[in-house]
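S.K.: Dumping the structure here so I can ask a few things about it.
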Amino acid sequence: MADVSEVLMSVLSTIRVPRPGDRVHKDECAFSFANPEAEGGLYVCMNSFLGFGAQYVERHHNKTGQRAYLHIKRTRKAQTDEDTNSDSPKKKPTRLAIGIEGGFDVEQEQYEEEVKVVLFPDKQEVTLEDLTTMPDVVRERVSLSMAGLMSADSVGHALQVQQWDGEVRQESRHAAALSQLDNGVKIPPSGWKCDMCGLEENLWMNLSDGKVLCGRRYFDGTGGNNHALLHFQQTGYPLAVKLGTITPDGADVYSYEEDDMVLDSKLPEHLAHFGIDMMTMEKTESTMAELEIAANRRVGEWEVIQESGAMLQPLTGPGLTGMRNLGNSCYLNSVMQVLFTVPDFQRKYVSNIEKIFANAPSDPTQDFKTQVAKLGHALLSGEYSKPTCDSEDDPSGYQVGIAPRMFKALIGRGHPEFSTNRQQDAQEFFLHFINMVERNCRYGENPSEAFRFLVEERIVCQQSNRVKYTQRVDYIMQLPVPMEQATNADELQEAEQMRVEAEAAGVPPPPAPRASIPFEACLAALSEPETLMDFWSSAVQAKTTASKTTHFASFPDYLVIQIKKFTFGLDWIPKKLDVSIDVPETLDLSSLRGTGLQPGEEVLPEVAPPPLMTPDVEVKGILGSHGNEDDDSLYSPLLSPVMDDSIVSQLCEMGFPLEACRKAVYCTGNTGIDAAMNWVMGHMDDPDFSAPMVLPCGSSAPGSTPTETISEDHLATIVSMGFGRDQATRALRAASNVLERAVDWIFSHLDDLDSMDVSEGGRSAAESEGGREPPGPRVRDGDGKYELFAFISHMGTSTMCGHYVCHIKKDQQWVIFNDQKVCASEKPPMDLGYLYFYQRVVE
């Protein structure tokens, strides 16, 4: 052991002891999904604390010169009778929470660990026992490092158990001053029934008038008949308590007006008003948290989203890899499965994986291209597409699959929604990921171009009959659902009449039929002209009415269609439309192509509306370093920026602060209420959200040295996104050196940046791309004929709950991807999808 001792002594300075805050990657390889349970185990660099599988550890050694790695090998323990007892109180969660005592156990598997230090390049091994014979300085440093690494909470585990408590409730704003009627109602301690339908379970007592009514109907038809909700809609009485959950410690209280479970600090006196002694009550029904726990324990079971009860054939192999659910991550799983079916993404990230890995930065866990390539290779290679060890007798389709923790953490970092363990909207995640791709593919091949298309908007001033044509970039075709066009309208009307009669008779109503909407009706609704009531007409120099129609200015190679199933009811409670749409497998949208300016049409004059003057900016020239005498497209030389005051007013009417509304309209370039609303929702957490608007104005003349100091850290961050240093400097100057504003600015001025000569590494755009691109966003165009190759379905009442799966056509066979389950689909429910993915038909 003398030689090993000498080697350790020589590399002692590269062996660190983890400190609080260090990121320890001891459960997943930075370049693959190898882990300590894999055949070769995991090697953890004892200096950087990065983890590497056996396939990549020598690459790291050769690149960095690091020699000492902690090798971790785990072997699953054999389960005992106690471990497999589902009734064991240690195994059953008691809280709707993750990473909290009593919550879901994210580390249910038990393993035996074997650890040792491996010294490269000769792969000399050192165990804890070997260290006892070595010099004190070696033994102490290496032992402390090993102990620190083994006791440290790994990054992957920390992400997996990210604390989330679904039972944290806020005090209702109605509780303190709740009005209770003196109507003489007294509620007995048992024997409750719904006052309208006689249901004897899932009963809620309204705390204002004592009415006992049944709860909401769940998406699967169980639950109640919505009578408690209907009562709130009729009376406005906001709070209700779930009978059967009342104990001396509390009860389930729901606020219909706040649309959430709440706390009622005056619950004992509110109950006493109706003769209920809280101290003598016993629990007889499951709480809402317990019901959701039970549902979450069943998530992923085939019965949740089976196809007519069929026993589906499990599939494994390349392109058939399952993905583990990391706590409501099925939206991410479904989207990424579909995207890596697209050749552009395969070519960009998987075909170039060796080059991407070779050029990875010192910390590849934080590199976008590395982590996307790692995920894509894992999905397509089939390396992890293997049945679980105990699934030989279980034809359910469970796979070992991959757990994309590192990918999810990187993609969601800093995002208020995607960084959490809550369920999210698959459509929003698709756009978020595409945005990440755009930011990281500023130069070179950009796979998001496969989905990018131009939308032509034609606006006709009703007073002057003059027209205005504009184009914008989009990635999703959002298809409205015209419920009034249901082909089974008579059946729906009859069912509604039966529901009203059943409620009047106090009996349960029959199951409601699903509305059948023709796909052609959805397309027709998309093409319907939209009326603009407060349109500023440059022809008449006043506000008037205009009509807007939308068409395709280009057809992408791959078209994503979103069925707009999610909406708000009259009470502003989110709801999902229960519809069946006969979405076709082949589609011809040629008739939706825009025609552009037609002979005989007169164009609206390019005259700006009266400016909305800003009190915090002096009226003077603000060209500064952002324009020149020939091009003032970024800022007016004489006026403060123009903002559409009608959009500002609409946002203010929704309750948002005036200054935030003005910023939203300004930052989105007067492009409409939807864009401004998206900006507001994405910046609500900004510390200066409601602060007075400060316009970015240059402090120096063109060509002179700017007086403001640009942050080198901010410059480096923007350059890392693929922009040149000059471009990053220009963005930071335009945004007063505020990084987040600069990022927003640079992505809203891509066309302007294309005119700059300097790009990555000081090379010109022509040099880096082989020639100057035409101005404007690069889009592909072709025939508007498409064939369906994938769709994502959602089960549940809201995008914030429920479950997503995707169906993908592989070699003319539909395959269903349900997290870790991958099976041949027998009856793909194409009429119930949420996102549909089409590819262009090449004739």
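First residue shown is number 1, and so on along the chain.
Cβ coordinates are placed from backbone N, Cα and C, and glycine is handled just like the others.
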S.K.: Pick from 12-31, 172-191, 592-611: which range has region 'Disordered' per TrEMBL?
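M.R.: Range annotated as region 'Disordered' by TrEMBL: 592-611.
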S.K.: Cα within 10 Å of Trp204 (substrate binding site): which of the recorded positions Cys194, Cys197, Cys214, Cys330, His803 qualify?
M.R.: Cys194, Cys214
S.K.: What is the three-state DSSP composition of the domain 'UBP-type' (170-278), stated as helix, strand and coil residue counts?
M.R.: 16 helix, 24 strand, 69 coil
S.K.: Measuring CB to CB from Arg216 (substrate binding site), give everything in the same chain under 8 Å that is also at least six residues away in sequence.
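M.R.: The answer is Gly223, Gly224, Asn226, Ala228, Leu229.
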S.K.: For Tyr254 (substrate binding site) and Cys194 (Zn(2+) binding site), what Cα-Cα distance in Å is obtained after rounding to a whole number?
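M.R.: Computed Cα spacing between Tyr254 (substrate binding site) and Cys194 (Zn(2+) binding site) is 17 Å.
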S.K.: Just checking, which of His227, His803 (recorded positions) has the fewest C-beta atoms within 10 Å of its C-beta?
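M.R.: If we count Cβ atoms within 10 Å for the recorded positions His227, His803, the smallest count is at His803.
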S.K.: What mean pLDDT does the predicted model reach across the domain 'UBP-type' (170-278)?
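M.R.: Here the predicted model's pLDDT, averaged over the domain 'UBP-type' (170-278), is 89.
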S.K.: What's the CA to CA span in angstrom from Asp259 (substrate binding site) over to Cys197 (Zn(2+) binding site)?
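M.R.: Approximately 23 Å lies between the Cα of Asp259 (substrate binding site) and that of Cys197 (Zn(2+) binding site).
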S.K.: Mind giving me a neighbour count for Cys194 (Zn(2+) binding site)? Other Cβ atoms within 10 Å of its Cβ, every protein chain shown.
M.R.: 23
S.K.: Starting from Cys330 (active site, nucleophile), work out which of the recorded positions listed here (Cys194, Cys197, Cys214, His803) have their Cα within 10 Å, and give them in sequence order.
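M.R.: The recorded positions passing the 10 Å Cα test are His803.
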S.K.: Just how many other Cβ atoms lie inside 10 Å of the Cβ on Cys197 (Zn(2+) binding site)?
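M.R.: Counting Cβ neighbours of Cys197 (Zn(2+) binding site) within 10 Å gives 20.
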